[in-house]
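Single-structure report; data block below.
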Amino acid sequence: MRRTRSAVATGPREQRRSGATGGLSGGESRAQRSRSRTRAGAGGGGGAVGPQPSAKPRPKPPPRAQEAAAEEPPPAVTPAASVSALDLGEQRERWETFQKRQRLSFEGAAKLLLDTFEYQGLVKHTGGCHCGAVRFEVWASADLHIFDCNCSICKKKQNRHFIVPASRFKLLKGAESITTYTFNTHKAQHTFCKRCGVQSFYTPRSNPGGFGIAPHCLDEGTVRSVVTEEFNGSDWERAMKEHKTIKNMSKE
């Protein structure tokens, strides 16, 4: 009999606990709704709250993702993309075939085309100093016109050179290996390799907008002939006045 009473007595107690728990949950729900209404009314200054948009704002990416996106370089422009930007018309297939056959990038193919037609009648010479620290290329005729100057410094260093516009000269390597000597008017820039002392090119006083290239510093195979003209640099002003073409040799 005691066991039966105990079992019967247990039932109502459990129900009371369950009811108490349910009442607490209901109280919490009402409190949450009350707080929600309070927050909704706070931003409206006590007025009626209008309908809220249903679309949710997009979540912002985490800071690490933003940093990675900022640091990521733009996609490289491929030769095909560069070609598609040009209106090649019916020549597109020929152009792409030419690039593949010559194994050239879009820039390389354009450079070859420009060099061929812009420097018609010229050849590309290459050269440099003795130790190889300084290397350059220059577009000039295969038949070189050399000036042999007898001014004080040219006489001592045997400065025989041909003159080209600056746009036809390109230093391939060795900018950090070059040192410069100037004197008098300081217009002539006598550039030498710091290591071996060879002057393979310089900026002449007669043509400060161009370069004087030493023909004996060119690589073999591109020079067809050489004509040497003596220039009386020891009497500079008179020589420059009497010579009709030297001052224009660095012009395009």
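Cβ from N, Cα, C; glycine included.
Look at Swiss-Prot and you will find 1-80 tagged as region 'Disordered'.
If you look up Swiss-Prot, you'll see S18 (among others) marked as phosphoserine.
Taken from Swiss-Prot, the feature omega-N-methylarginine covers R39, and the record attributes it to a large-scale study or a structure entry.
Per Swiss-Prot, the feature compositional bias 'Pro residues' maps to 54-64.
The phosphothreonine feature in Swiss-Prot is assigned to T78.
With DSSP states grouped into helix (H, G, I), strand (E, B) and coil, the domain 'CENP-V/GFA' (125-237) comes out at 20 helix, 52 strand, 41 coil. Taken from Swiss-Prot, the feature domain 'CENP-V/GFA' covers 125-237.
Taken from Swiss-Prot, the feature Zn(2+) 1 binding site covers C129, C131, C193, C196, and the record attributes it to sequence analysis.
Taken from Swiss-Prot, the feature Zn(2+) 2 binding site applies to C149, C151, C154.
The Cβ neighbour count for S234 (phosphoserine), using a 10 Å radius over every protein chain in view, is 13. The phosphoserine annotation in Swiss-Prot covers S234 (among others).
Same-chain neighbours of the Zn(2+) 2 site beyond C149, C151, C154, judged by a C-beta within 8 angstroms of the site's C-beta center, are, in sequence order, N150, S152, I153, K155, N159, F231, G233, S234. Along the domain 'CENP-V/GFA' (125-237), the predicted structure has mean pLDDT 96. Considering only the binding-site residues C131, C151, C154, C193, the Cβ with the fewest other Cβ atoms within 10 Å is that of C131. Note: the CA-CA distance between S234 (phosphoserine) and C131 (Zn(2+) 1 binding site) rounds to 32 Å.
Excluding the listed site residues C129, C131, C193, C196, the same chain places G128, H130, G132, A133, V134, S177, K194, R195, G197, V198, S200 with Cβ atoms within 8 Å of the centre of the Zn(2+) 1 site Cβ atoms.
C151 (Zn(2+) 2 binding site) sits 22 Å from C193 (Zn(2+) 1 binding site), taking the CA atoms of both as reference points.
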